[in-house]
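Listed features, source TrEMBL:
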- B:20-39: transmembrane segment (TRANSMEM)
- B:45-64: transmembrane segment (TRANSMEM)
- B:85-114: transmembrane segment (TRANSMEM)
- B:120-142: transmembrane segment (TRANSMEM)
- B:149-171: transmembrane segment (TRANSMEM)
- B:191-211: transmembrane segment (TRANSMEM)
- B:223-246: transmembrane segment (TRANSMEM)
- B:278-300: transmembrane segment (TRANSMEM)
- B:312-333: transmembrane segment (TRANSMEM)
- B:339-362: transmembrane segment (TRANSMEM)
Amino acid sequence: MKRLISLISCILFLALSGCVQPSIIDDILMAEAEGLDYLGDNKVLGTITVPNYVTGGVSGSGGGGLPATAAMMSSASAITYDGKSLVEKLQVKGQKAIRVGKLRVMLLNKAYLQHGIRKLIEFRNQDPDVGRDLYLIMVDGSTKELLEGTYQTQIPISRYIYDLIFHNQEKNFPLSNMKIFMYKYYGAHMNAYMPIIKKQGKHIVLTGYALIENNRYAGTVMGDNANFIFKSLLETVNLGYYDYEYKPGQHFVLEDIQSTISYKVKNGNGAEPKITAQVKMSGNVRQGNPEIKTKNYYTKMKKKLQNHLENRMENMVAAFQKKGVDPIGLGDIARSYTRHFNDSSWEDHYPNAQFRAHVSIDINETGSSEMHDSSS
Amino acid sequence: MTSPKINETQQVSPKNTMFIIGMMQIGVGLLSFQRIAALNSAQDAWFPVLLTGASTLIIMGVIFRLLENEKPYGTQELFSMHKRFFGTIVGNALNVVAIAYQFMVGLVFLRAYIEIINVWIFPKLSPLAFSFIFSVIIWYLVMGGFRAITGIFYLSFIYILPLNLVDFYLIGDSHLSNLLPMLEHMPYDYLQSFFKMIPCYLGFETILFYYPFLKRPKEAKQWAMFGLTLTTSVYVTLCILGTVYFSHGELMTQVWPIISFWKSIHFPLFDRFEYLGMILWIWALIPSFALGTWVVSRGIREITGYIKQKYALIFVFLLNILFCTIIHNRLQINLILHYLSYVGFGFLYIYIPFLFFWQWILKKKRRRKHV
């Protein structure tokens, strides 16, 4: 009797699968990239791309060059209002049901960021269908053009962008996927940031980071050198590089930089809070300069670079303070170091905060050749 | 009316108390408690969570004393205790309240789980179909007796453990400075968080019903304490993880922070971990629900004296399916949870000490009579 019941219950559980809507991979279109271009007057031009699983062409795949039963549609776009689920809107254009579960990148153009992203972010936070490791990206130019463009690579555009940003975030660019974005966006006394990409001929390039303050675009940090400074103020760097122009036209590069940061805050509730950042770096010099003697890297040049980095960090923070943005979250750091932190007065004190950076660099090695006194 | 002593073939080893108590306390509350704990005491949420855990140890001590003192008078469980303390009529009325409470706990757990499945995976899954099929499984389990239920507790303990280890993937994204400055809040804030955490820890009081089924019950005490300490440590670590992983503002927007945790984990071949996690979570539901219905059906037998447990069980399931279908949105679930937490608080922190006191008075009275 009991066996019978267990058998029946197992069969019944199988029957449960009949209760819900199936999602068979061959019968859906998986939107992997969404792009939003703001047109003005609360109207948005939305574009999605769907990877095209076509077998054949590749040797060994056995497809014989014929398209498989999978999706053939590769992109669609439509005009809608801000905050609308694009997938829902484009369902009427979908050859098959479009699903959003594997969304990898979300592109927004500059006008959209200037218009405000609140509706979008709230929607992303509310919608459980989408994972939290997607990238929110600003596009310099039109997202539709970028998504529908042709590039040197055959790989779907969504993964192209994803890989591009992923590997750069291991080097000079700060980490920024949706989970970090949400952390900064909803957190008090900190501002979010997102990468900026641009279509350049047959390539996509990562140019810098856009800062978001109060839902809106609030400036940028451009270039890999500036972003190295930005990243080392934000988090631990593992494989950074910094191109130092020590005098006009003369460079050397500090590579494989490992850097850690710690902050100290004094007088967090005062009118002029004192924030000190202690940055410890270690790196190698591989691309030196024939002008510099090897032993000087460890002494003179190191000192110079330290001072230079300290200056740049302080200037960067001063620029943030001037704009009133706080992507580093200095306010949150001050909160964690101050008992009974005064939340309301921080906004007034932030521009007056005194920021000091102390950089100490440890040069591990200088490559496989040496420059002696005599060789110059 | 006192039931005969439980046959040894029905009893379980005292070690199992740890698994039973541990898994009874881990329920859907675990998926959402981080926000609720942080509501009043922000970065110090771990402290009231720890306090609530410590208070459960005290209550557990009282429960054990209560049950041990009952030894000379008959079966050491709540149903017969009620009857001895307050007479058959009042005692049975209290028994009805007790099983109604246990019934509601099981029901809310099941319904909240269905809600999570509805929100995250299958919006179209009907509560009727799910609760029906689920009931068939639980029926099979409860018919196997207390030993089968204990076995399921042990299994689910093993299955759920790795799920908690997965959360440590997130340490890499943590901001430890979120925990600072420590212990900054007012005692009143902690008190509020303390009360809000109580529903999460509920479930260990079922030992009042299955105590006679434990072999060498004296030994069970330490295992029960281990179980409580284990769940407390799970809640405290998860609370700390929630604080360091989310910013306070973000945490306030999350209904199920743990599922958002899982949402951020991905493996090369497995993109969305939360789907696996939520499906595995049914293993937390099965044993608690089975023990809950076991208590309710046993209670019906004890109260009426003539309805067999297996018929009572069918009645309980029908009621369950009915309620699961009637409750159809989150507001109602939250409302029930809200009231249930009051009842649970009253039951554990007021009623059990009261019973203990009453037992003591009865003892005094009886001694005086003898003298």
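If you go along the chain as it appears here, the first residue is 1 and each next one adds 1.
Note that Cβ sites are derived from N, Cα and C of the backbone, with glycine treated the same way.
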Criterion met for the transmembrane segment (B:223-246) and the transmembrane segment (B:191-211) (at least three Cβ pairs under 8 Å): yes
Residue numbers, six or more beyond the limits of the transmembrane segment (B:20-39), whose CB comes under 8 Å of its CB atoms: 45-46, 48-49, 109, 112-113, 116, 150, 153, 156-157, 160, 192-193, 196-197, 199-204, 206-207, 210, 224, 227-228, 230-231, 234-235, 238-239, 242-243, 246, 248, 251-252, 254-259, 281, 284-285, 287-288, 291
Cβ-Cβ under 8 Å with the transmembrane segment (B:339-362): same-chain residues at least 6 beyond its ends: 55, 59, 62-63, 65-66, 69-70, 81, 85, 101, 104-105, 108, 195-196, 198-199, 202, 205
Proximity verdict for the transmembrane segment (B:85-114) and the transmembrane segment (B:149-171), three or more C-beta pairs under 8 Å: no
Which of B:45-64, B:120-142, B:149-171, B:312-333 contacts the transmembrane segment (B:191-211) most, counting Cβ pairs under 8 Å: B:45-64
